[in-house]
Every structure is written in C-alpha cells, then in structure tokens.
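A.B. asks: The structure follows.
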Amino acid sequence: MADDSPKEACGVFGVRDPQQPAAHLTYLGLYALQHRGQESAGIAVSDGDKVLVDKDMGLVSTIFDTHRLQALPGGLAIGHVRYATTGASAWHNAQPVSRHAGDIFFALGHNGNLVNTTDLTTESGSDSDVVAALLAEALPRHGDDLIEAATEVLPRLRGAYSFVLMDETRLIGARDPHGFRPLFLGRLDTGGWVLASETPALDVVGAAVVREIEPGELVVIDDDGVRSVQFSAPEPRALCSFEFVYIARPDGQLAGIGVHAARRRMGVALAAQAPVEADMVMPIPDSSIPGAQGYAAASGIEYGDGLIKNRYIGRTFIAPNQQLRENAVRLKFNAIADNVAGKRLIVVEDSIVRATTLRATMKLLRDAGAAEIHLRVLSPPYRWSCYYGLDTSDRSKLVAATMTVDQIRDHLGADTLAYLELDGMMNAITPTPGGFCTACLTGRYPVP
Ligand code: SF4
C-alpha cells in the first residue's frame with residue numbers, strides 16, 4: 001500500500017526465559033514487528049524483584065542500543081510498538097503502561113482498540129491506561145493477584161485486544177473473545193516461552209510456534225510452565241481479514257494460513273475476475289508483490305518492476321505545499337523509466353484507503369512514460385471505519401466512502417480500475433467460510 005495507508009494497529013511481544021537477557025530478545029521481537037507501529041516503542045523487564053520500563057518515541061532501532069538494553073536486566077520482559085489508534089500521539093501514550101498497586105508492580109502492552117472505555121471508567125488516556133486503571137482498582141479485591149484481577153476485568157472489555165501483561169515474576173497473554181488481533185505462543189529451546197503478535201517475531205528469537213492464544217483465553221507463564229484460563233466464552237470468531245491483505249508480514253502464518261500464499265491467491269483471483277490486455281504486471285512495493293506475482297502467473301503477462309521503494313524511509317513528513325508533497329512521494333518511490341516507458345501496465349495494489357500517495361504514484365508512472373495504467377486492487381473498496389485497531393475512524397478520509405469506483409479511477413488518473421470482490425478475497429484467504437472481520441469492507445461490525 002502507498003504511504004497514506006492506515007497506520008497499523010500495534011505489535012506486542014513478551015518473553016520469559018530465566019537463562020537469557022529478556023530485554024535483548026524483546027528488542028529482536030519488536031524489530032520484527034516494527035511494521036505494526038512506528039511511532040513509539042517500549043520494553044518492560046523484571047529481574048524477579050522489580051520491574052523497569054523504558055519507552056520512547058521513534059523506531060525500535062533508534063530508541064534502544066546495547067547500552068540502553070544492558071540497563072534492563074532480567075529474564076522476563078514485554079515489549080510494544082505503537083501507532084496511535086486512540087489517545088494523542090505523545091510520549092505518555094507510549095507503551096508498555098505500568099502501575100503500582102498494593103504490593104505489586106505490573107506492566108501492560110495492548111494491540112487493538114476497545115469500544116466501551118467510556119462506559120468503564122472516567123479515566124482518560126489510551127485504552128491501555130484504562131485497562132491498567134481497571135486492573136489496579138480490581139487488585140485489592142483479589143488479594144493483589146494479577147491473574148484473578150485480569151480474569152475479572154477482561155470480560156468487561158468490548159472490542160479488540162491482544163494483551164501482554166507482566167508482574168515481577170509472571171508473563172501473561174490474553175486475547176479478546178472474537179480474536180480480532182493475532183497472538184501467538186512460542187517455545188525457546190532453552191525451555192523459555194514467548195508471546196508475539198506475529199510468527200516472524202518468534203522466528204527471529206529462535207522460538208518454535210506452539211499455537212495461537214485462543215479467543216477468550218488468558219495464559220499465565222511462570223516457573224510451573226504455561227497455564228490456560230478461559231476468562232470468557234468465545235464469541236463468533238472475527239480475525240481481522242485486513243491482516244492478510246496488508247497488515248501482517250508475508251513471511252508469517254495466521255490461523256494456520258500462510259500470509260504470502262494468501263496474498264498470491266488474491267492476485268490469481270483478481271486476474272480471473274478482472275482481466276485486461278497489457279505488457280507488464282507490476283506491484284506497488286512491498287506489500288503488493290505477492291499479489292502481483294499471482295496476477296502475472298495467472299494471466300500469463302510478464303511480471304516486472306516499475307517502481308523502486310526507498311528502504312530507508314521512515315515516516316513521510318507533512319510537507320507544507322504541493323511541490324514538497326510530490327517530492328516526498330519521490331523520496332519513497334521512484335519509477336524505473338526503462339521498464340515502464342511506452343508500456344501498458346497492470347499496477348497491482350493491496351488496498352486503497354486514502355489514495356493521496358497512490359495518486360502521486362500514478363503520476364510518477366505517467367511521467368515515466370507509461371502508455372496505459374490498469375489499476376487492480378487485491379481487496380474490495382475500503383468504505384467503513386475500523387474501530388478495532390486501525391486508525392481509519394474518520395470516514396470522510398476514506399476515498400471509497402465518498403466516491404464511486406469510476407470517480408476513484410479518474411481521481412487516480414488510471415485508465416481502468418477494478419477491485420477484487422469480497423468472495424474472491426475471502427476465498428483466497430481460505431475456502432472455509434466465516435471466522436473473519438470484514439467490517440471496513442462490508443459495514444458488518446462484529447461488535448457494535
Ligand atoms: S474493520 Fe477491517 S481493519 Fe478493522 S478489524 Fe475489521 S477487517 Fe480488520
């Protein structure tokens with residue numbers, strides 16, 4: 001997706017391994033989850049006695065260096081990468097959040113978005129602050145037992161959450177009863193345990209995937225191993241289908257389905273649904289690459305690169321005028337003129353949300369001499385706001401909420417535009433029906 005993409009929903013990681021420096025492992029895990037949130041990052045660590053929290057604005061690699069990690073000793077840690085989905089973008093909203101309550105100190109990292117925080121407390125701040133406040137308030141009722149407090153608080157929450165939580169000695173993971181956001185349990189060969197939003201974060205620390213945390217399940221990891229508590233009956237499953245389209249890394253698995261293969265199948269389905277004569281199929285890098293490969297293979301049209309993405313770009317700055325905004329796009333993408341000049345292009349994009357950068361990218365291809373541009377999108381029009389962790393709450397900014405497909409085609413300057421139909425997309429993810437959230441594409445919200 002081009003850069004006016006939704007900023008992703010956050011990533012969480014946790015590890016308990018008394019034999020290894022947990023903060024270092026957490027750094028690696030967060031590095032692998034960086035695509036889920038680039039605004040702030042943080043690590044909480046315990047040496048068995050006391051919990052330390054270190055967090056800051058910026059990328060994992062710019063915040064933490066060896067020196068800073070060495071100041072976080074201990075074999076138990078959680079970590080978080082964040083993009084603001086609720087709460088202003090500021091340091092005090094960085095996570096993990098932490099609290100003293102009674103005799104314990106706990107820290108919490110949250111991926112998702114709650115829809116009922118105003119009913120739960122008058123406390124302001126991020127969703128995670130609200131949950132920390134509820135836990136702190138519940139602890140005295142449960143003799144300062146964090147597990148029992150969590151088991152009381154979690155069923156009161158509505159919406160999307162995958163949590164990592166810790167006190168001085170225990171690592172806890174929990175997933176909402178619909179399972180909107182992923183959360184995996186992994187095992188290190190030292191015997192330690194790991195929790196992570198996506199499987200590549202387990203791979204990077206050398207942990208084997210054990211299983212996903214089930215919707216409505218809380219797992220406790222301590223000296224006795226892993227214990228599971230079902231804190232709520234599972235609701236109908238609603239794993240975010242957009243994880244497959246765009247959010248998750250292609251080298252991971254979700255619900256037992258390889259993300260790269262699912263994206264490729266979306267491209268195959270799109271070639272069957274919306275064929276067009278052309279000279280070359282090209283992706284908007286990087287997330288559309290598997291889909292473009294699938295489209296090319298199914299259509300028999302040559303696959304090629306028309307755009308190069310700058311690997312080192314961070315967040316695109318807010319440019320003060322049109323000229324500088326165009327320059328900002330050129331910093332992110334540049335056209336390979338030799339590959340596109342005079343050609344009829346099929347340009348594959350995973351999704352169109354706000355479209356400003358995509359429009360500028362289309363112009364780059366025209367300026368480089370593209371003869372025709374046939375835009376093919378691997379998902380249906382994104383027409384509805386997400387309230388479960390993507391920052392698309394302002395519907396007026398969603399191009400498909402305000403324009404018809406023909407208007408979007410003209411707005412983007414494409415010759416033709418086709419979106420993959422919902423059935424085609426869902427079937428590409430898995431032929432087994434049900435179990436996914438598609439609210440941003442259909443307006444059918446699993447949680448009101
Ligand atoms: S509304 Fe869309 S982005 Fe949000 S959880 Fe559902 S499928 Fe995912």
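Positions of Cβ are set from backbone N, Cα and C atoms, glycine also.
TrEMBL labels come from automatic prediction, so no person has curated them.
As annotated in TrEMBL:
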DOMAIN    10-224  domain 'Glutamine amidotransferase type-2'
ACT_SITE  CYS10  active site, nucleophile
BINDING   CYS240, CYS386, CYS437, CYS440  [4Fe-4S] cluster binding site
A.B. asks: Look up CYS437 ([4Fe-4S] cluster binding site) in the DSSP assignment and reduce it to helix, strand or coil.
C.D. replies: strand
A.B. asks: Write down the Cα-Cα distance for CYS10 (active site, nucleophile) and CYS386 ([4Fe-4S] cluster binding site), rounded and given in Å.
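C.D. replies: CYS386 ([4Fe-4S] cluster binding site) to CYS10 (active site, nucleophile), Cα-Cα distance: 14 Å.
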A.B. asks: Suppose we draw a 10 Å sphere around the Cβ of CYS386 ([4Fe-4S] cluster binding site). How many other Cβ atoms does it contain, all chains included?
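C.D. replies: A 10 Å sphere around the Cβ of CYS386 ([4Fe-4S] cluster binding site) contains 24 other Cβ atoms.
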A.B. asks: Reduced to three states, what secondary structure does DSSP give CYS386 ([4Fe-4S] cluster binding site)?
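C.D. replies: The residue in question, CYS386 ([4Fe-4S] cluster binding site), is coil (DSSP, three-state).
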A.B. asks: I want the residues beyond CYS240, CYS386, CYS437, CYS440 whose C-beta is within 8 angstroms of the mean position of the [4Fe-4S] cluster site's C-beta atoms, in chain order.
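C.D. replies: Once CYS240, CYS386, CYS437, CYS440 are set aside, the remaining close residues are PHE180, SER241, PHE242, TYR388, GLY389, LEU390, THR438, ALA439, LEU441.
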A.B. asks: Expressed to the nearest Å, what is the distance separating CYS240 ([4Fe-4S] cluster binding site) and the residue listed as 'active site, nucleophile' at their Cα atoms?
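C.D. replies: Between the Cα atoms of CYS240 ([4Fe-4S] cluster binding site) and the residue listed as 'active site, nucleophile', the distance comes to 13 Å.
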A.B. asks: Quick one: Cα separation, CYS437 ([4Fe-4S] cluster binding site) versus CYS10 (active site, nucleophile), in Å?
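C.D. replies: Per the Cα atoms, CYS437 ([4Fe-4S] cluster binding site) and CYS10 (active site, nucleophile) stand 18 Å apart.
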A.B. asks: Name the secondary structure element type, per DSSP in three states, that contains CYS240 ([4Fe-4S] cluster binding site).
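C.D. replies: DSSP assigns CYS240 ([4Fe-4S] cluster binding site) to strand.
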A.B. asks: Rounded to the nearest Å, what's the C-alpha distance separating CYS440 ([4Fe-4S] cluster binding site) and CYS10 (active site, nucleophile)? Just drop the number here, would you?
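C.D. replies: On Cα coordinates alone, these residues lie 18 Å apart.
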A.B. asks: Can you give the mean pLDDT for the domain 'Glutamine amidotransferase type-2' (10-224), rounded to a whole number?
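C.D. replies: A mean pLDDT of 92 is what the model gives the domain 'Glutamine amidotransferase type-2' (10-224).
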